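As given in TrEMBL:
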DOMAIN    B:143-206  domain 'CBS'
DOMAIN    B:207-266  domain 'CBS'
TRANSMEM  B:289-310  transmembrane segment
TRANSMEM  B:316-342  transmembrane segment
TRANSMEM  B:363-385  transmembrane segment
TRANSMEM  B:391-412  transmembrane segment
TRANSMEM  B:424-452  transmembrane segment
2 protein chains.
Amino acid sequence: MAEAVRHDKTARQLRLLSDALDSGRLGPVRRLVNTLSPAEIGNLLESLPPGKRTVVWGLVDPEDDGEVLVHVGDEVREGLIADMDPDELVAAVEDLDIDDLADLVEDLPDTVIDEVLKSMDRENRERLEQVLSYDEDSAGRLMNPDVVTVRADTTVDVVLRYLRLRGELPEHTDHIYVVSKRHQYLGRIALQALLTHEPSTPINRLLDDEQPAIGVDETSEMVARQFSDHDWISAPVVDDNNILLGRITIDDVVDIIREQAEHQALGAAGLDEDEDLFSPVRRAFRNRLIWLGVNLGTAFLAASVVDRFAGSIEKLAALAVLMPIVAGMGGNAGTQVLALMVRGLALGQIGASNVPTLVWKEVRVALINGLALGAVLGIVVLLWFRSPALAAVIAIALTCNLCFAALGGVFVPVTLKRMGFDPALAGGVILTTITDVMGFLTFLGLATLVLLR
Amino acid sequence: MAEAVRHDKTARQLRLLSDALDSGRLGPVRRLVNTLSPAEIGNLLESLPPGKRTVVWGLVDPEDDGEVLVHVGDEVREGLIADMDPDELVAAVEDLDIDDLADLVEDLPDTVIDEVLKSMDRENRERLEQVLSYDEDSAGRLMNPDVVTVRADTTVDVVLRYLRLRGELPEHTDHIYVVSKRHQYLGRIALQALLTHEPSTPINRLLDDEQPAIGVDETSEMVARQFSDHDWISAPVVDDNNILLGRITIDDVVDIIREQAEHQALGAAGLDEDEDLFSPVRRAFRNRLIWLGVNLGTAFLAASVVDRFAGSIEKLAALAVLMPIVAGMGGNAGTQVLALMVRGLALGQIGASNVPTLVWKEVRVALINGLALGAVLGIVVLLWFRSPALAAVIAIALTCNLCFAALGGVFVPVTLKRMGFDPALAGGVILTTITDVMGFLTFLGLATLVLLR
C-alpha cells in the first residue's frame with residue numbers, strides 16, 4: 001500500500017512528459033523539464049529510450065546542461081555529449097565546480113578539454129590538474145579545492161569583515177578552516193559559532209581541532225564511512241604534510257553511498273552499474289554475456305556430477321525429480337548467510353577473531369533448519385514416492401547441504417575479501433556452485449549407496 | 001588490491017579490542033572504545049558475540065550510551081537495554097534530540113519512558129508526543145522540532161543580535177527559517193548570507209523561497225530522494241496549512257539511504273535487516289525458516305514438472321544431467337533483468353509508457369544471448385553425448401528460457417510494484433520459479449517430442 005502512495009513524482013512526470021512528447025507538443029515538455037533540478041532531469045533522461053532522450057535533451061535550459069551531465073550514468077552521458085557541438089559543450093562545462101569538472105573530463109573530446117582549460121584562469125587550471133592527478137576512487141578526486149581559510153590570531157569581527165568583503169562562500173560551507181602560515185590545517189570554525197559569539201571573541205577560542213582531517217589518498221569508501229559515522233556535513237582534506245588541499249561535502253558523499261549500493265545490487269547479478277535501462281542491445285548483450293558464460297561453466301561442473309550417477313537415475317527417475325530441490329535449497333540458505341557476511345564485511349565487523357564463533361552459529365542454524373525442513377521434505381517425499389528410504393536419504397542430504405551452505409556462506413566471502421576481491425560480486429556464483437555440486441553429490445551419492453545396491 | 005588497503009579502521013580496532021578482551025585487560029579496552037564515535041561504538045558492539053558485547057557495553061562512557069543505542073540495530077539494542085538498570089537508561093536517553101528519542105521510545109520499558117517524560121519540560125514533552133504521532137516511516141518522524149525562526153521584516157543586524165543572545169544553534173543548522181505571524185513557512189536564509197552581507201541588509205532581500213518545504217506525511221523514501229536530487233543539507237517540514245513543524249537534516253537522510261540499501265540487499269535473500277551477525281540461533285532460525293519454506297514450496301512445483309517426464313528421463317538419463325543447466329541459466333539471465341528493473345523502479349524511471357520498449361529490448365538481448373550461449377552449449381552437448389538432436393533441443397530450450405526470463409524479468413517487478421509489493425524482496429523467488437518451471441518444461445517437453453517418439 002505504502003509503495004503505491006510512494007509512487008514517485010518522477011513516474012508521474014514521466015507519464016506527463018511521454019504524453020506530451022507523443023503528441024509532438026514540445027512547449028509543454030520544455031516547461032515541464034525546466035521545473036526540475038539537474039539531478040531530476042538526469043533521472044528523466046535515463047528513463048527515456050534514446051530517440052525521445054535526444055529530443056528532451058535539446059529542450060533542457062543550456063544553463064543546466066553541465067550539471068545534468070554530471071548526474072547521469074556513463075553510457076547515457078556519452079550519448080548526450082555526442083549530441084552536442086563543441087561550443088555548446090564548452091559553455092555547458094566551463095562554469096562547473098572543479099570536482100564536477102574532474103568527473104566529466106574523461107568523457108569530453110580533447111578539443112573541448114583544451115577550450116575549457118584555455119577559458120580558465122591559471123589558478124583554477126592548476127587546481128583541476130591537481131584534482132585529476134589523484135586516483136579516481138580517492139578523497140583527492142572528491143574534494144573541491146575552493147575553501148575559505150583564516151588565521152588563528154584574529155577575532156570574530158575581523159573574520160566577519162573578511163567574509164563580507166569576500167562575498168559568496170562555496171556551496172555547503174558550514175565551517176571555515178584555520179590554517180598556519182604554511183597552510184597547514186589547524187582546525188575549523190563553525191559558521192554557527194561566528195554568528196553566535198560576540199565580535200570581540202578571539203578565533204582561537206572557537207577553534208574546533210577535534211575532527212581529524214581526511215588524507216588525500218583515502219578511498220572514497222572510507223570517506224563515506226567516516227561521514228556517516230560522524231554525521232559530518234563537510235570535512236577538510238590534507239596531504240601527508242597536513243597541508244590543506246580542499247574540502248569534501250556531504251552531497252558528494254550521498255552520491256557515493258548511492259553508487260555503492262547500486263554497484264552492489266547490480267554487481268551481484270553480474271551487471272555493470274553503467275548499464276542503463278535503454279543501453280543499446282549490442283552493448284547490453286556484451287555486458288551480460290561474460291557473466292552468463294561464467295555461470296554456464298559452473299553449470300557444466302554441476303552437470304558432470306549428475307552424469308556420474310546417470311546409471312542410478314535410469315533405475316530411479318525420482319532422483320532426477322528431487323535432486324534440484326536439495327541443490328536449490330542449499331543455494332537459498334547459503335545466499336542468506338552470504339548477505340549477512342557481505343554486510344558485516346562492508347562494515348568492518350568481521351575479523352579473524354570472530355569467524356570461528358560465526359561459523360559455529362551458522363552451522364547450528366543450518367542443522368536446526370535441516371531438521372525442520374528435512375522433516376517436511378521427507379514427509380512429502382514419503383507420501384509422493386511411498387519410499388521411506390528415499391525420504392530418509394533426501395532429509396539427510398538436505399541437512400548436509402545446508403551445512404555446506406553455511407560453511408560456504410561464511411568462508412567464501414571472507415576468503416574473497418582477503419584475496420582483494422569484492423565478496424558482493426563473485427560470492428554468489430561461487431557459493432551456488434558449491435551448493436549445487438555438493439547437493440547433487442550428497443543426494444545422488446547417498447541414494448546410490450542406500451537404495452540401489 | 002584496493003580492497004586490501006581499504007580494510008577498515010573498524011576491523012583493526014576489532015582485532016586490538018578482541019586481543020585485549022581475551023587477555024582480560026579492561027583498561028586498554030575502555031580507552032580504545034572511548035576514542036570512537038557513538039556510531040563506531042555501535043558498529044563495534046554489533047561485531048561482538050553477545051558475551052563480549054556485554055563486557056564492552058559496560059565500559060562505554062555513560063555520556064555516549066544514548067547515542068550508541070540510537071546507532072545499533074533493533075536486536076542488538078534490545079540486548080543492550082536489557083543490560084541497563086532504569087536509572088542508567090533514563091540518564092542515557094534524557095539528553096537525546098527529540099528525533100533520536102522518538103526512534104528509541106518503543107524499545108524502552110514503560111517505567112523508563114515515564115521517568116524521561118517527567119524529566120522533560122512541557123514544551124519538549126509536547127514536541128516528543130507530536131513527533132511520535134506520525135507514521136514511523138514519515139517525514140514527521142524524521143524531523144527535529146528544534147528550529148531557529150525569524151520574521152521577514154527585520155535586518156541582518158537584528159538577526160545577528162538575536163542569534164548571539166540565543167547562543168548555540170541546533171546541530172547542522174545551515175539555514176534559519178522565515179515564518180509569518182501564524183508560523184507559516186515563508187522561506188529560508190542561509191547562515192552564509194548572514195555572514196557575507198552588511199548588517200543593514202533587510203532580511204527580505206536574503207530570503208530564498210525556492211526550496212519547497214517537505215510535507216509532514218511524505219514517506220522517508222521520498223524525503224531521501226529529494227535530498228539527494230537537490231543536494232540539500234536540511235529542509236523545513238510543514239503541515240497541510242504550511243505551518244512550520246520542524247526540520248530534517250542530511251545526517252538522518254544518510255542513515256535512511258544506508259538502511260534502504262541494506263534492506264534491499266538483505267531482503268533479496270529473504271532476511272530481516274534487523275538480523276545481526278550474532279543473532280541468537282533460535283531467532284536466526286525463525287527469521288530464515290519462512291523464506292526457505294517458501295522456496296521449498298516453489299521447488300516442489302518445479303519438481304512436479306520434472307515428474308511429468310519421469311518416463312523420458314528413465315529412457316535417457318542425459319536429460320537429467322542437462323536439465324539443471326537450462327533452468328539455471330534462465331535464472332541467471334532473469335536476475336540480471338530484474339536487477340536493472342528494480343533500480344529503474346526505485347528511481348521512478350519506469351512507467352506504462354516505456355515498458356513495451358523495455359520488453360522489446362530485453363527480448364532481443366535474450367535472443368542474441370540464446371543464440372551465442374545456445375551454440376556453445378549445443379557444441380558441448382554434441383561432443384559429450386554424440387547426439388545432434390539432443391544438442392539442437394538444448395540450444396532451442398535455452399533460447400526459449402532466456403526469453404521467458406526476459407519477460408519475467410520485466411513483468412514480475414512491474415506487477416509487484418503495481419500491486420503495492422516491494423519488487424526487490426519477492427521478485428527473485430517468483431522469477432526463478434518461472435525460469436525453473438519453464439526451463440524444465442521446454443527442455444524435457446521438447447526432448448520428449450523430438451527424441452523419444
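One is the number of the first residue shown, and numbering goes on along the chain from there.
Using N, Cα and C of the backbone, Cβ positions are placed for all residues, glycine too.
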Seminar exercise, completed: Long-range Cβ contacts under 8 Å made by the transmembrane segment (B:316-342), restricted to residues 6 or more beyond its ends, are 264, 302, 306, 309, 350, 358, 362, 366, 369, 373, 377, 381, 385, 387, 390, 394, 397-398, 401-402, 404-406, 408-410, 412-414, 423-424, 427-428, 431-432, 434-436, 438-440, 442-444, 447, 451-452
Problem set entry | Number of helical, extended and coil residues in the domain 'CBS' (B:143-206), per DSSP | 21 helix, 17 strand, 26 coil
For this session: Report, as numbers and ranges, every residue of the chain located at least six residues beyond the transmembrane segment (B:424-452) whose Cβ falls under 8 Å of a Cβ in that stretch; write 'none' if there are none.
Result: 264, 267-268, 270, 294-295, 298-299, 301-302, 305-306, 308-309, 312-313, 315-316, 319, 322-323, 326-331, 333-335, 338, 341-342, 346, 387, 389-390, 392-394, 396-398, 400-401, 404-405, 408-409, 412-413, 416
For this session: Please work out the helix, strand and coil residue numbers for the domain 'CBS' (B:207-266) from the DSSP assignment.
Result: 28 helix, 16 strand, 16 coil
